[in-house]
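According to TrEMBL, the protein has these features:
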- B:1-24: region 'Disordered' (REGION)
- B:10-24: compositional bias 'Low complexity' (COMPBIAS)
- B:36-57: transmembrane segment (TRANSMEM)
- B:128-358: domain 'ABC transmembrane type-1' (DOMAIN)
- B:134-155: transmembrane segment (TRANSMEM)
- B:167-189: transmembrane segment (TRANSMEM)
- B:227-250: transmembrane segment (TRANSMEM)
- B:288-315: transmembrane segment (TRANSMEM)
- B:335-361: transmembrane segment (TRANSMEM)
Amino acid sequence: MTTTETPEEAGGGTAAADSGIAAADSGTAANEGGIAATGGGTAEKGAAVLEISGLTLDLPAEDGTKRILHGVDLTLRPGRIHGLAGESGSGKTMTGFAVLGLLPPGARTTGRIAFEGTDLLTLPPRQLGALRGRAVSMMFQDPSTSLHPMLTIGRQLTDHLRHHLKLDRKAARARAAELLGQVRIPNPLEALGRYPHQFSGGMRQRIAIAIALACEPKVLIADEPTTALDVTVQAGVLRLLRGLCDDLGLAVLLVTHDLGVMSAIADEVSVMRHGRVVETGPRGRVLTEPHHEYTRTLLDALPGRSTV
Amino acid sequence: MSPRSAASEATGGRLRPPARGPRAGLLRRHPLARFLLRRTLTAALLALGVTLVTFVLTNLVPGDPAAANLGQRAIGDPAIVAQFRHQHGLDKPLPVQYATYLGNLFHGDLGESQQSHQPVLTDLGTAVPATLELAGAAIVVSLVVGVAFGVVAALRRDRFTDQLLRVVSLLGVSVPTFWLALLAFYLFFYKFGIAPGSGRIAPEFAPPPDVTGLYTVDAALAGQWPVFWSAVGHLMLPALVLTAYTVGLLTRFTRSAVLEVLGQDYVRAARAKGLPGRTVLFHYVLRAALVPVITVAGLAFGALLSGTVLVESIFAWPGLGAYAYRSATTLDLPAVMGVGLVVGIVYLTVNLAVDVLYGLIDPRVRVQ
């Protein structure tokens with residue numbers, strides 16, 4: 001087992017790591033191309049695009065460290081939505097952060113997160129940065145806080161397009177408008193010049209989806225993507241996610257505490273509790289004949305239990 | 001010409017007046033322009049309020065301008081006192097005096113200083129640029145250094161650099177400025193002889209031709225480089241002394257603002273997009289963190305501009321602070337009112353600038 005210290009994002013690392021990045025960038029970009037080229041076999045159901053095995057996580061606490069994850073195993077496949085359920089504090093969100101190397105400073109991990117064979121946990125920060133937002137991307141719970149309130153939608157959609165894909169301003173804007181059309185934002189070209197507060201919550205989350213999918217990633221970590229939305233808007237966003245997942249062959253890790261959401265669109269379901277995955281299986285099986293007692297408790301807590 | 005446009009011309013364009021069209025369109029389409037217009041109008045109203053407050057406050061002062069300005073013997077003669085009061089309009093009721101004051105103000109007449117026997121406007125015309133030069137230099141240096149210190153401290157949170165900067169900024173805000181001014185003057189002028197003496201330029205030079213009133217700028221414009229370097233040299237020490245406090249202040253504010261922004265979801269989201277740390281820091285973090293910093297910097301700049309009496313006195317800098325001190329101690333009421341007005345306008349202008357910067361940085365401000 002390998003032990004890695006996560007790069008300290010909030011620390012001086014951000015400023016310092018940067019000085020040398022320009023020179024090395026072209027190299028990683030070339031590497032990227034190689035990875036992208038192998039993506040032809042998305043149709044094969046069995047091929048795992050992201051495989052988490054034996055992931056443990058320790059975070060610094062008042063007295064020493066606290067173990068957050070106790071050996072998590074998860075497998076994501078192209079075109080499939082893998083639901084990750086569990087109550088708050090069970091470690092679902094931290095599992096998502098670990099994939100992108102967005103853990104808080106001082107976090108220590110062991111185990112393996114293999115993205116198409118590359119272990120993301122041991123990847124140097126620079127190469128991880130090149131994958132992040134490009135091959136593996138993430139969307140967050142509350143679009144009113146995860147979109148920068150002072151930058152235009154266009155800016156937030158094109159920054160990483162230009163960085164990762166080396167598009168020029170014009171090409172990036174065209175691609176951004178196309179993406180907004182895909183997530184069904186009316187008047188995409190005009191929307192590029194507007195700010196997040198000028199959109200409704202559901203529209204903002206669609207924009208967040210467009211941002212996450214801009215560079216055509218293979219894996220999307222969706223952290224409670226509908227929790228902050230009105231119930232009436234949730235269904236639309238979920239349908240959109242499902243459609244994009246099917247059309248693009250995207251592997252989605254859908255982190256949610258809402259089993260209703262899970263039952264609506266997930267293909268596979270894993271249930272987490274206290275930093276462990278207690279049950280994994282196809283949605284139908286897990287939600288109708290749960291093996292683990294905790295899953296049963298969760299299901300019983302659901303108001304519309306009989307309809308599942 | 002189409003019948004429709006002819007019709008609209010015939011009605012004098014009542015539906016959509018062509019003359020007003022572009023401007024109204026600009027205001028409607030550009031929230032920023034509307035925001036600016038509203039803020040400027042508010043500032044003008046407030047300026048009127050400032051004149052009222054300075055007028056009332058000055059007249060509440062328990063001193064008697066007649067007594068302060070007439071000689072010891074003249075004050076004993078009621079006829080002379082009455083004549084003085086009549087001549088200066090002091091025998092009229094206060095509202096009438098205020099109306100006269102306002103009327104004169106609109107003609108640019110702030111009255112005559114009883115000390116310098118010059119129009120107050122002329123006195124302010126030399127004092128304000130002197131202070132502006134000093135305060136401007138101090139705030140620019142403070143912003144650059146303070147923001148840089150604050151960002152570094154936040155990024156190195158709780159590490160050695162952060163602790164060091166904490167001590168530096170604490171010293172900056174707690175050391176009395178006049179003491180620092182005396183110490184700096186003693187050390188760098190008297191002891192080491194590095195800094196030039198007091199005043200704005202060396203005595204062998206004549207002031208550069210007056211364009212902006214800022215000696216450094218005017219000298220550079222006139223191509224008088226020896227004068228320029230002399231002005232820069234004289235500016236350096238007092239400006240650096242003033243910088244100590246504002247750097248400390250801005251370091252602390254920037255540090256906490258950056259730390260707060262670093263914890264925001266949108267910063268995590270920016271990192272999740274794989275953007276380089278530099279882009280995240282400058283475009284996503286700093287933009288949001290600068291909003292509170294601008295407020296503090298604006299207030300600090302206002303304080304610097306409204307006259308740093310002690311520093312100006314110690315360095316014999318002929319600015320607003322020195323002028324205010326002299327006018328107040330001699331009960332030179334027109335001058336005092338002039339200074340009050342300038343200070344009020346300075347704060348209004350700085351606040352307006354801060355509001356405009358807010359509007360530029362944060363689009364949500366514009367819609368309110």
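Any Cβ shown, glycine's included, is placed from N, Cα and C.
Annotation: stretch B:227-250 has the most Cβ pairs under 8 Å to the transmembrane segment (B:134-155), among B:36-57, B:167-189, B:227-250, B:288-315, B:335-361. Through the fold, the transmembrane segment (B:36-57) approaches residues 27, 94, 97-98, 101-102, 105, 337, 340-341, 344-345, 348-349, 351-352, 355-356, 359 of its own chain, all at least 6 residues removed from its boundaries and within a Cβ separation under 8 Å. Counting only same-chain residues 6+ beyond the ends of the transmembrane segment (B:335-361), those with a CB under 8 A from a CB of the stretch are 32, 35-36, 39-40, 43, 46-47, 50-51, 53-55, 57-58, 101, 105, 110-111, 113-116, 120-121, 123-124, 128, 287, 290-291, 294-295, 298-299, 301-302, 305-307, 320, 323-324, 326-328.
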